[in-house]
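Here the structure comes first, spelled out in structure tokens, and everything after it is commentary.
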Amino acid sequence: MGFYVLLFFGYLFGPLIIMSATAFNSSSFPSVSPWDCVSGEWFKVLVKDDKLMTGLSNSLMIGAGVILAAVPIGLAGALVLSQLQRRARSIVYTITIAPILVPGVVLGISTLIFWERIDRVVLGTEFFYDGFFLTIIGQSTFISAYT
């Protein structure tokens, strides 16, 4: 049993270890062999790429927004669950974990359609049809079930 676990983790983490070693090789094409020397050249190229840095900053802003939205929702849900009677607790718990059971694609598309319809019917504009807003809302509904 231990051998199979070791084999599984080797299969799982092997590519990660190889790519980590490749990142510090100074060859012109990313490779582990032949090994030239230890270098941070690939990280310099990474920092100079504007598209990657924009993507990183967008990811950090979305992550911060999701944390600011999901943690209070999860905390409120936990406090409500601790105060409810047994029967009501099971109903609220089922509603709380529902986003975990729904596939992410379904959750994302339904969030997009919901906010698009709300925006057109209520406001008549495309105010809510922003990628950041919808991503934060969609991820918060999913992550709040874990908090």
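Residue numbers in this text run from 1 along the chain shown.
Cβ coordinates come from backbone N, Cα and C, glycine included.
DSSP states for the domain 'ABC transmembrane type-1' (56-147), grouped as helix (H, G, I), strand (E, B) and coil, give 77 helix, 0 strand, 15 coil. The domain 'ABC transmembrane type-1' annotation in TrEMBL covers 56-147.
Sequence-distant contacts of the transmembrane segment (58-81), counting only residues of its own chain at least 6 positions beyond either end whose CB sits under 8 Å from a CB of the stretch, comprise 89, 92-93, 96, 132, 135-137, 139-140, 143-147. As annotated by TrEMBL, transmembrane segment applies to 58-81 (among others).
Look at TrEMBL and you will find 93-115 (among others) tagged as transmembrane segment.
Annotated transmembrane segment per TrEMBL: 127-146 (among others), in sequence order. Tertiary neighbourhood of the transmembrane segment (127-146): same-chain residues 58, 61-62, 65-66, 69-71, 73-74, 77, 96-100, 104, 107-108, 111-112, 115-116, 118-119, selected by CB-CB distance under 8 Å and a gap of 6+ residues from either end.
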